[in-house]
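K.L.:
So Swiss-Prot says this about it:
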{"type": "BINDING", "residues": "72, 73, 137, 167", "note": "[4Fe-4S] cluster binding site"}
């Protein structure tokens, strides 16, 4: 019954994914983490890991970011939540409270008057906490670098983990920065000893 008359089982074709134009292979096929994971699953049928590695894996897949939009870069920051980029498919979602956030995205010109508020919000975030500096103004003052009222980079107020360049940076650049933060967390771990 149905569309075929033969009694054969229909099998879906191998998914192709996004191909890397340089290598011709699917993107991520040479990632050491996933290659190790696949080889362990095919050998044993289950995965043996440490608690540190499990917690680090869980943290990278559930980053909650807090918006600290100070200027025009905040518009591009909003774009990554829209359907075209859909940042939630990578396990990141916006939160309104610093007490529920892992990542703060500083987007825009940081003034001297706003710097204490930035530090206060950063101090309210639970450990481990991460900061992404988005745009030329947040990275180093940008166009307003020589103004008396502008902090020449938010790294003078809070420690920054990832810098996203551009004026304003595109939503793709911010998404790439978030993916690099996930890679950094995976590489360095999150548990202090």
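Cβ atoms are placed via backbone N, Cα and C, with glycine included.
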K.L.:
List the same-chain residues at least 6 positions away in sequence whose Cβ sits under 8 Å from the Cβ of residue 137 ([4Fe-4S] cluster binding site), in sequence order, or say none.
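P.N.:
When sequence neighbours closer than 6 are ignored, residue 137 ([4Fe-4S] cluster binding site) has 70, 71, 73, 108, 109, 110, 143, 144, 150, 167 within Cβ distance under 8 Å.
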K.L.:
Can you tell me whether DSSP puts residue 137 ([4Fe-4S] cluster binding site) in helix, strand or coil?
P.N.:
helix
